[in-house]
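See below for the structure under consideration.
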Amino acid sequence: MSQASGRAIDADLAQSDPDIAAFINQERQRQETHLELIASENFASRAVMQAQGSVLTNKYAEGLPSKRYYGGCEHVDAIEELAIERAKQLFGAAWANVQPHSGAQANFAVFLALLQPGDTIMGLDLSHGGHLTHGSPVNVSGKWFNVVQYGVDKETQRLDMEAIRQLALEHKPKLIVCGYSAYPRTIDFAAFRAIADEVGAYLLADMAHIAGLVAAGVHPSPVPHCDVVTTTTHKTLRGPRGGLILCRDAEFAKKFDKAVFPGSQGGPLEHVIAAKAVAFGEALQPSFKAYSQQVVANAAALAEQLIARGIDVVSGGTDNHVVLLDLRSIGMTGKVADLLVSDVHITANKNTVPFDPESPFVTSGLRFGTAALTTRGFDSQAFREVADVIADRLFNPEDDAIRQRCLDRVGALCERFPLYADSKHKQPVLV
């Protein structure tokens, strides 16, 4: 018998920890048999998952490529350098840092590099579609800085750039944040640049939700207009869960590098960075542009059909992957609607809408996104059918027969558009 036989590190997960293996396979089954409409979620490729589940998880590599504090980094250096080059090529940036563990970490590093506690920042109100890290009082960004929040116009539910300009002129922020978590319309980055220049502010674009659309050229890019751009690497970009910082200025780049390490993080996650590199490579392919165009077309189809069925959509439609329902039009809360669609295997999230009278735990909205199901192959016609299932369920919450029909239609759609190639064979995938 060899010395290697029977070692704990050689056991498969199913042998080593059957409980965790079972939970993973249950989650795999849930993803296969439910319609994923959470706007911040997507399905990573098998290649991305293989990179993330590799031996790279064993390697510590504090510092930057060729400037590490540990030995044995020659291979992770090559991987990280490739991830950086692909990110720069994908977004037309002069510099990239691929080490942030998340979008929130990327934003925090930018704040650390450019701001001092007590400085004034401007960001979109969370209830109007902003993000926690853009100055919400429950987040460190809202505790360390003087926050001025702008909102959308009450009638159009779109950004009013002149109102934002007047607010900036009044408060003279040191940094303005644009880019959002629940704003379904195109962002005018050039207009934000003009405002930032007028008041002498830095301009940060958080494109976490639209990064894939930007990469594919189906949404305007913030990179030419902003001092710094942050993003996650999942969502519409379809990579692993992680963060990324981009900029055009070499002096800023040095500050951001130091703000990531040693300023706010220790060792980078090289297995995740490898998965980011794979995802960036996928996004550089022509097929990714076609995918992103379909994401936007599918969102338009979903919004149009829901409106046709009598449900209001915030701003009257969408220009990106997000469709935000205003359920006040049907006398329902987001909390109730979320439970109703979840009960027929549609996964979404309750969400505040502009000028929402309900609390964030109840809300008047339901947020959908089309990136994940588009990855499964759903087209516009399939999304119209999804809209009908949603409407049937919301308008008939007590009808068991309609509930069952909704479940049947969801099941049929999942069979028609399997998640991974082996989904129909029910093979467990632990990568």
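Glycine is treated like the rest: Cβ placed from N, Cα and C.
The structure displayed is predicted, hence computed values, not measured ones.
Per Swiss-Prot, the features are as follows:
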type	residues	note
BINDING	L126, G130, H131, L132, S359, P360, F361	(6S)-5,6,7,8-tetrahydrofolate binding site
SITE	H234	site 'Plays an important role in substrate specificity'
MOD_RES	K235	N6-(pyridoxal phosphate)lysine
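Annotated features taken from Swiss-Prot, shown on the structure.
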{"residue": "L126", "record": "(6S)-5,6,7,8-tetrahydrofolate binding site", "CB count, 10 Å": "23"}
{"residue": "G130", "record": "(6S)-5,6,7,8-tetrahydrofolate binding site", "CB count, 10 Å": "25"}
{"residue": "H131", "record": "(6S)-5,6,7,8-tetrahydrofolate binding site", "CB count, 10 Å": "23"}
{"residue": "L132", "record": "(6S)-5,6,7,8-tetrahydrofolate binding site", "CB count, 10 Å": "16"}
{"residue": "H234", "record": "site 'Plays an important role in substrate specificity'", "CB count, 10 Å": "27"}
{"residue": "K235", "record": "N6-(pyridoxal phosphate)lysine", "CB count, 10 Å": "27"}
{"residue": "S359", "record": "(6S)-5,6,7,8-tetrahydrofolate binding site", "CB count, 10 Å": "10"}
{"residue": "P360", "record": "(6S)-5,6,7,8-tetrahydrofolate binding site", "CB count, 10 Å": "13"}
{"residue": "F361", "record": "(6S)-5,6,7,8-tetrahydrofolate binding site", "CB count, 10 Å": "9"}
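Between the CA atoms of P360 ((6S)-5,6,7,8-tetrahydrofolate binding site) and K235 (N6-(pyridoxal phosphate)lysine) there is a gap of 22 Å. Those residues noted as binding (6S)-5,6,7,8-tetrahydrofolate (L126, G130, H131, L132, S359, P360, F361) have their most widely separated CA atoms at a distance of 16 Å. H234 (site 'Plays an important role in substrate specificity') sits 18 Å from G130 ((6S)-5,6,7,8-tetrahydrofolate binding site), taking the CA atoms of both as reference points. With respect to their backbone Cα atoms, G130 ((6S)-5,6,7,8-tetrahydrofolate binding site) and the residue listed as 'N6-(pyridoxal phosphate)lysine' stand 16 Å from each other. Separating the Cα atoms of S359 ((6S)-5,6,7,8-tetrahydrofolate binding site) and K235 (N6-(pyridoxal phosphate)lysine) is a whole-number distance of 26 Å.
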